[in-house]
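Asker: The structure that follows is given in the form of structure tokens.
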Amino acid sequence: MSTTVIGPYEDDDPTEACSTIHHEVIGTTTCLSGGEDVPLAPLTTLKVGGPARHLVIATTHDELLATVRDCDRRGEPCLVLGGGSNVLVGDNGFDGTVVRVATSGLSAEVSSCGGALVTVAAGQVWDDFVVHAIEQEWIGPEFLSGIPGLVGSTPIQNVGAYGVEVGEFIARVRTWDRVDDTQRTFTADQCDFGYRSSRFKAEPDRYVVLDVTMQFNLGTRSLPVRYAELARRLGVEPGERVDTSQVRETVLAVRAGKGMVLNPNDHDTWSAGSFFTNPLVSPDQVPEGAPAFAQSDGRVKTSAAWLIDHAGYGKGFKVAEDAPASLSTKHVLALTNRGGASSGDFTTLARTVIDGVRDVYGITLVPEPRLIGCTI
């Protein structure tokens, strides 16, 4: 067995019974600075959001916990912000302290028979971790390539793509419980993972994720390809396994074609990704011709994108010709900032789409991003 330590992960002691120790940095470091009345728009992928009364950049677990606990003791509102890829912040900002999680580092115990048990700091950029996982021959994260945000956010939303969810790999999640003022570690079965849901999402202000431990098998061949569209792009049948690097390249190409890979020069990527979850409905609610995927509880998952498109809201739809927010020109499931959009522009667009789909199909779409200081 070998133990690998990457970056400044202060909660592991790399001197304990290690046969091999490596030190390196995953990805690049973004320079951020805190202060007073700091605009939050640059910290979100929608590029929307008013100022935080006070912004703290927490680069260590100690700094993160000290800031959160101090705010809680004083009764000051405190928002813990990850990569900003799944939030819509109101134009008035946040009247309190915003803590941007910027912790980093990774430790791994690897053995040929047991695979890799990998603990990653919450502030590590998710896609940088995916790149590293492929290099280390850890199987599974390749399907989740290109998803923006930080590792600590992935269990909250139980992020997923192309038939794979992060909850499949998670062994445990270490958190700070703000209600009980104590550290709590949850095993996978205690996380209540569901479709884009978890116990952490159910109580959004209670738990601060400190790190995530995941278990991976070893190899260069991917998990079986589950998603038909991806299998076609890979030139294989569903259920086949291919090189993990090939999966990543193809996933990135598919996501880029839908405007789902961040690009500062492409306004279609100024989004929160998929703005609505795919509805879970009874079989008799699925419109004729709509995709339908049976679930273990008897319900059916259908496509929010199909519903939006067939309700008359096509790519590039705006509520007005000069509106600065629109559906992506590449994919109707993303709401995008065309430049200068406010949170009000997004909530108006979202309400229009929700009401329209409900009027046509009787199905109410549910927004996926967390709403901070605004409502839909």
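We number each residue from 1, going along the chain as drawn.
Quick reminder: no glycine exception, Cβ is built from N, Cα and C everywhere.
Values in this document were obtained by computation on a predicted structure and should not be read as measured data.
Heads up, here are the entries from Swiss-Prot:
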type	residues	note
ACT_SITE	Arg196	active site
ACT_SITE	Ser274	active site, proton donor
ACT_SITE	Glu368	active site
DOMAIN	48-219	domain 'FAD-binding PCMH-type'
Asker: Using Cα coordinates, what distance in whole Å links Arg196 (active site) and Glu368 (active site)?
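Answerer: Arg196 (active site) to Glu368 (active site), Cα-Cα distance: 8 Å.
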Asker: Could you give the Cα-Cα distance between Glu368 (active site) and Ser274 (active site, proton donor), in whole Å?
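Answerer: Given the Cα positions, Glu368 (active site) is 7 Å from Ser274 (active site, proton donor).
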